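K.L.:
Sending over a structure as structure tokens; questions will come in a sec.
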Amino acid sequence: MIFVTAEKLHFVCFLSLGLLSLPLLTECNKIRLVGTSRCSGRVEVYNNDVWGTVCDDQWSTTNADVVCRELKCGTVLEAKKGAFFGEGEGQIWLDDVQCLGSESSILKCSHRPLGENNCGHSEDAGVICSEHVRVVNGTNRCNGRVEVYHDDKWNRMCTSEGKAAVSEVVCRETNCGSAVTPAEAPYFGEAMLLGEVNSICFGNESSLSQCKHQEFKENCVDATVVCSNSKPIRLLNGTGRCSGRLEIYHEGQWGTICDDRWGMQEATVTCRELDCGAALSVKFKAHFGRGKGQVWLDDLECTGHEMSIADCPHRGFGEHDCDHNEDASVICSEFIRLVNGTDRCSGRVEVFHDGKWAKICKNWGNKEAAMVCQELGCGSPKASQEIFHFGDSGLRGYTSRCADNVSSISQCTFENYMGRCEGASISCSGIPSIRLVNGTDRCSGRVEVQNDGLWGTVCDDDWDIKDAQVVCRSVDCGTALTAKSGSFFGPGQGDIMLDDLGCFGNETSLFHCRHPTIGESNCGHSEDAGVVCSADIRLINGTDQCSGRVEFYHGGKWSSASSQHWGTNEVAVVCREMNCGNPVQFSGSYGRGGQLSWHTVSCSGRETSLAQCTFGPYARSSQDRTEEASVTCSGNVKLSDGHHRCIGRVEFFDKGQWGGVCGEAWDANDANVVCRQLNCGRNHKITTNAEFGRGSGPIWNSQIECNGLESSLSQCPQRPFRDKTCNTTLVAGVVCTGSLEARLIGGKDECQGRVEVFYKSKWGTVCDDEWELANADVVCRQLGCGHAVSAPSSAHFGRGTGPIWLDNVECEGQEAALTHCKHPGIGQNNCGHGEDASAICLGSLEMPVITLSPAAEVKWGDRVEITCTVLTQQLGGTFVLKRTQDSVKVERFSENEAATFVLPNVDFSQSGSYYCEYQKKLPNQVIFYPPGATADLTVTVKLEKPSISLTSPHAMVIYSPDKISVPQGSSFSVTCSIHSSYPGGIFYLKEAHLNTSKAIPAFDHSVFFMAYFDFPEIDYKSQGEYSCVYAVNVSTRFFSSDPSKSLQVTVVATSSSVALGAVGGVLVVLLLALAIGFLLWRRRRMGAGTLVQFVNRFGGAINQDTEDMNSGRGPNTPVKEQKHSRGAEDNDADGDTSIESVSEELVGRVCYELEPLVFS
């Protein structure tokens, strides 16, 4: 027996918790935004210790919303494309990102393998998030419960006075129009485990962050908001509120939506936005009548998870090729929905009752369950409903009683359940919408889909392995092996339902893929698509389709294979069945398969399928460390009989054997896929005349039709030759760039440096005798680096070592390789390494660099200089300044390496992302340097915080206390002032508690603006907390400052002390009059000097605490002077004319602000 002390036990517990937290820690800091703030910028992810960008292919608001949520940045406002925040550098880690919207990280969304893309940095994706506010649990992104980011955390906002102003700010910040007040307060759930704050806004703020936030101490009621939303939708001419022709409101008028690409994802978004339950069906061809006016939207491509139909990708408002005969329509369930399920036919049951959604308590029977499944078009309930549970909700609970003659759950009787009840869940069998016909087993055949009760086929236009993957997953048939075209499994009958499919491969149904209108095609049944799925085996979590964890279909369900007794025989069968070539490895780590049952597998190695092997049950214990079986196969493509692994005859593994590829239809796209699959770079040259022999295997009689973007040859469509067989004298071959035996060494990248060639297993240099630009051009093109821009000699990039293989090379410029040019022979030369030849290719040219002066963010009206600089030996070229968002283009020739473009008085229209280009004109060509990175110029209006002060003539003071007591009936003035370069503004004097304000136009002294707010006879209703706000219109845009500090004014009753104050005031006036007389006499004696003049505007007395009177500056506080010219003798006579001298001789005390109000 082993005893563990309490201390050790605590240590073990904490260590275990730490280890369990490691996966969470490793997920941290793997995403960032590079841009204007913490919540807007270019999206970058961290992988392999390197930051890289995300390509904007398939980039949407749903993807951006996941990013905003992951970074705790509130609600998504915009998903930006085209390197809106400037081009990144280095790797592009993600491409074809397809989020559902519920993921916790963008890395958990569907995407290509990390680092695999077909993009450049001009396609870097970005996002703009709301940062300070998020609206949650609403029916669209413009209504819901409000949460605010304050003190570095999210807090629930509590309802309080001034809600209207807060709602206006929230709607403005989230780009949702203005706030509206619904007839009945909506319920958007309650926030849990969040801090509670109360927000106070004036209503003119542009962001909730500019409002005042206080910790809420009372019982908090969640604040909600309903914004007008600039793009509301409606359904017309239907049988109820939740069916009909879909229309959207834009630019003041209603318009329809074209039915091109209209499908269930779009219908799902529509029904959710209208709070109409689940989407039941989509309708085409103006099913509910033709609309009028504009057709606003076309080619919508929703994922189904957007909050608003306007958030889905589309052509653009008003951009279409439709008329009203193609108006789209939808039918929603209206009264019933399933929530939190695994598909549209499962989930927690909720009903729409008394204008609100509510849950059904778990007390119903098979009759109600069957009614719900049928009403949703989901077949019948699955057996053993008690095992399904899809969570609970805080909605009000109802019990239901349904008569025998009802056909809809809405016709049942509902009673409010007073206690707490668990919500009912359901899982329906669904109606199969896809099947495979005329195949050799259940998992191969012609693809047919069902729509409106009719079965039809799928056209093979654009049919590829990604579409096939969706089919195999839908019919639970493992992995797609091949995508068949040309009616491989025979022609079908009836309608051709789908054409031009564009699946990503992660969809659960073909109807969820991009496609034209259902039933529209330009095909015949000779083009019916088919698939061959792996049926009984699938490889999970591998690096490609030929590696991964092994799972197989056995006993009517998927199971895992135990690694016990797993070896080369079993792996050989798997690789053969998957058409993946030869076995390479029978172990590896590809994750765990969850709760699947385990079996041992034993094969002889000669089987054609794993199903022919022997299976035995495997019981795992808690101490069992046995792993699941895995496999790595060579893949189904190889290059044979070349002198390098990246050059040779193309061979493809199919039907358990290797065979050649017919060269009759072989092209550069097909060759590019082979080179990419074998990690051999790009296609350099294709061959079709059996340059590398015919091989001993068969020649496959199929046309391979790649588009060049596939990652493996098996993903390309393959179709048999029509009415002919392949000319077997033509055999496909390829020379990939990975086989080329030339390189550039010593430069900053692979596209510049000393030229070296590979011969007899050694690298050697090239002598510069007869070395010219045409020679260098051949090298550059051979390496895929574009054209040559320079051919340096004399070991420009340093001396090489080893042999000098070539000398006196004479190229015409069209040769495929340097060794193909004319030369005396390899190894013959009369040179030393001081004559090594070099090349600089276009691919290695420096990008121009852009700089903004004085800064990237400037004030309206400033002078801005934009400088383009390039590091080049080709001086004397043209710089081009462009802006990404429009056609702005300015050119300037420069003999130097820089050119400056000046904006003398910048305005808002000149904001944007600028970048530089550089081009050098040579006698025979123009060298276009790669475009530089962008720099964002932001034009803003920044206003200082105004000052608030008091003026009272009886006390002859101007001062800025924090609080003051004023006798009832007395008069005084509040002065608002600000330094600003923007004239024509208005001062607002705001009172916080009454939420009132007064506005007075400002008058100016140069760049100093003021306004006086008079209180002739102050009363109790005028007491409160005051602050000043300065607002101005600049170039038709409205800007306002932050509020000044607060001034608390308290009105007190009149007493005898007022009379004493008046007498005291008279004495003070007399004393000051004597002091002023003395000063006038002194000024006349000393010449022109400096005078502070206070304006006598009001009568009445002000009582003030001692601390308020001392809030002004002391007599030694320096103040700006206004100097006048004086004679030399005056300067000699008296050099001290400062304000300090004047103030020290004043009788009594005068308090003044940083600068005098009036100079004279």
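Glycine is no exception: its Cβ is also placed from the backbone N, Cα and C atoms.
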K.L.:
So C780 is in a disulfide according to TrEMBL. Which of these is its partner: C726, C736, C831, C841?
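P.N.:
Here TrEMBL pairs C780 with C841 via a disulfide bond.
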K.L.:
Quick one: which of C706, C726 does TrEMBL link to C716 by a disulfide?
P.N.:
C706
K.L.:
What is the disulfide partner of C603 among C580, C613, as given in TrEMBL?
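P.N.:
Out of the candidates C580, C613, the one TrEMBL links to C603 is C613.
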K.L.:
Considering the candidates C271, C302, C373, C378, which is the cysteine that TrEMBL reports in a disulfide bond with C332?
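P.N.:
Here TrEMBL pairs C332 in a disulfide with C271.
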K.L.:
The disulfide recorded in TrEMBL for C258 goes to which of C176, C201, C322, C345?
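P.N.:
Within the candidate set C176, C201, C322, C345, TrEMBL assigns the bond with C258 to C322.
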K.L.:
Between the domain 'SRCR' (434-534) and the domain 'SRCR' (637-737), do 3 or more CB pairs sit under 8 angstroms, pairs being 6 or more residues apart?
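P.N.:
In contact, yes.
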K.L.:
Using the structure shown, find which entry in C109, C119, C258, C472, C533 (the disulfide-bonded residues) has the sparsest Cβ neighbourhood within 10 Å.
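P.N.:
The disulfide-bonded residues C109, C119, C258, C472, C533 were compared, and C119 has the fewest Cβ atoms within 10 Å.
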K.L.:
Honestly, do the domain 'SRCR' (434-534) and the domain 'SRCR' (31-130) touch, with at least three Cβ pairs under 8 Å and pairs 6 or more apart in sequence?
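P.N.:
Yes, the stretches contact each other.
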K.L.:
Please average pLDDT over the domain 'SRCR' (336-429) for the predicted structure.
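P.N.:
On average, pLDDT over the domain 'SRCR' (336-429) sits at 79.
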K.L.:
Given the domain 'SRCR' (133-228), which of the listed stretches 537-634, 742-842, 848-940, 946-1050 has the most Cβ pairs that are under 8 Å apart from it?
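P.N.:
Counting Cβ pairs under 8 Å, the winner is 946-1050.
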K.L.:
Going by Cα-Cα distance, pick out whichever of the disulfide-bonded residues C302, C533, C767 is nearest to C706 (disulfide bond).
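P.N.:
Closest recorded candidate to C706 (disulfide bond) by Cα: C533.
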K.L.:
Between the domain 'Ig-like' (946-1050) and the domain 'SRCR' (31-130), do 3 or more CB pairs sit under 8 angstroms, pairs being 6 or more residues apart?
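P.N.:
As far as Cβ distances go (cut-off 8 Å, pairs 6 or more apart), the domain 'SRCR' (31-130) and the domain 'Ig-like' (946-1050) do not touch.
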K.L.:
Given the domain 'SRCR' (742-842), which of the listed stretches 233-333, 537-634, 848-940, 946-1050 has the most Cβ pairs that are under 8 Å apart from it?
P.N.:
848-940
K.L.:
Would you kindly check 233-333, 537-634, 848-940 and say which stretch has the most C-beta pairs under 8 angstroms to the domain 'Ig-like' (946-1050)?
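P.N.:
Most Cβ pairs under 8 Å with the domain 'Ig-like' (946-1050) come from 848-940.
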